[in-house]
Amino acid sequence: FSCFSVLTGVLDDCLCDIESIDDFNTFKIFPKIQKLQERDYFRYYKVNLKRPCPFWADDGHCSIKDCHVEPCPESKIPVGIKAGSSNKYSKAANNSKELEDCEQANKLGAVNSTLSNQSKEAFIDWARYDDSQDHFCELDDERSPDAQYVDLLLNPERYTGYKGPSAWRVWNSIYEENCFKPRSVYRPLNPLAPSRGGFCLLVSFLFSSTGLCLEKRVFYKLISGLHASINLHLCANYLLEETWGKPRWGPNVKEFTRRFDPIETKGEGPRRLKNLYFLYLIELRALSKVAPYFERSVVDLYTGNGHEDAESKALLLEIFRDTKSFHMHFDEKSMFAGDKKGAKSLKEEFRLHFKNISRIMDCVGCDKCRLWGKLQTQGLGTALKILFSEKEIQNLPENSPSKGFQLTRQEIVALVNAFGR
């Protein structure tokens with residue numbers, strides 16, 4: 001507990017103290033988020049765990065049994081979730097899907113008579129490119145035969161035994177992305193060259209004291225906070241012993257101390273935990289900002305079970321009301337507030353660096369670690385997308401589908417579960 005004895009006071013880069021966050025989360029937010037995560041709409045996440053690593057030759061998958069992810073049989077997936085396409089999540093949208101498909105087929109039929117197959121593929125690629133311009137993450141193709149639904153409640157985040165050079169290389173590469181290197185530098189750099197990775201970490205560590213811009217400090221804190229969150233959950237749900245094939249999972253204080261104690265980490269442990277609080281504030285702010293999107297009657301969180309869908313939406317709106325009542329939100333307006341040209345360039349660089357980090361998650365050798373890494377990265381990416389889309393959210397039409405801003409069901413599920421973590 002020596003870690004928490006020094007974890008007090010105001011966080012850097014925001015006017016919020018740790019004690020206020022603890023009280024707000026413990027008594028208002030956490031119990032409701034837990035209930036929401038147990039509902040069908042939020043417990044099933046579609047993910048492709050077979051995408052190849054885009055940065056280096058695959059190390060091979062972890063053979064430890066606890067690394068395995070058990071996909072959900074099709075028969076267990078609620079009919080409304082299976083029926084809807086990736087960005088349709090209301091009853092009206094699903095009921096009109098057949099008509100939309102028919103109209104789309106007619107449009108494509110008219111085009112197909114005059115275009116080659118190569119041109120048609122190009123148009124599809126252009127459409128995907130346009131759709132991806134506000135994304136901070138590399139999204140899985142849900143139509144891929146390798147994409148499967150996973151029940152998050154039956155595949156909890158916990159320590160699997162995955163460690164060593166393979167895991168180290170992933171995190172080293174993630175932190176290398178934080179350095180905002182010129183595009184000409186190959187990434188990731190040699191992960192086994194400790195001086196390069198160590199230098200990059202040192203640069204990141206010194207952001208707050210060298211006067212480098214808020215955006216880059218925020219970027220580092222978010223990645224560090226994500227790292228701390230994952231490590232904290234591995235320590236909290238650790239395989240303590242296995243007798244006669246019956247595993248006993250629980251908190252591992254020794255492991256927690258090794259990763260976070262001030263003495264063991266030469267003072268870095270409390271900073272890592274503070275960055276976890278900073279991550280919490282960023283995602284909390286995103287939830288408060290996206291509330292108008294879900295308050296519209298057109299959004300149903302559709303699973304096919306009308307009673308449960310209504311309860312899920314009511315609980316989500318209650319959480320939104322709670323987030324708005326928090327009086328010490330992070331002020332995202334201070335980011336990218338310079339001259340328009342420079343701010344736009346920096347924002348795009350910010351987005352592309354985070355997108356590369358989401359791609360690195362496909363290099364994780366343990367399926368369960370990859371699942372939760374991808375989900376939490378997509379959740380954070382969705383939070384960033386929301387914070388940079390405030391005007392689009394404010395101008396949403398009340399009774400028709402979104403045009404300027406929309407979230408896929410995958411993004412919604414990832415956002416809620418990442419914040420729940």
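Keep in mind that glycine also has a Cβ here, set from the backbone N, Cα and C atoms.
Disulfide pairing as given by TrEMBL: among C235, C369, C366 connects to C369. The record in TrEMBL lists a disulphide bond between C67 and one of C53, C62, namely C62. Overall, the recorded FAD-binding residues R158, T160, W171, S224, H227, R259 cover a maximum inter-Cα distance of 21 Å.
Counting other Cβ atoms within 10 Å of each Cβ, the binding-site residues T160, S224 show the lowest value at T160. When the recorded positions C62, C67, C366, C369 are compared by Cα distance to S224 (FAD binding site), the shortest distance belongs to C369. In sequence order, N231, C235, T265, G269, R272 constitute the residues six or more apart from R259 (FAD binding site) in its chain with CB-CB distances below 8 Å.
Recorded residues C67 (disulfide bond) and C366 (active site, nucleophile) have their alpha carbons 5 Å apart, per Cα-Cα distance.
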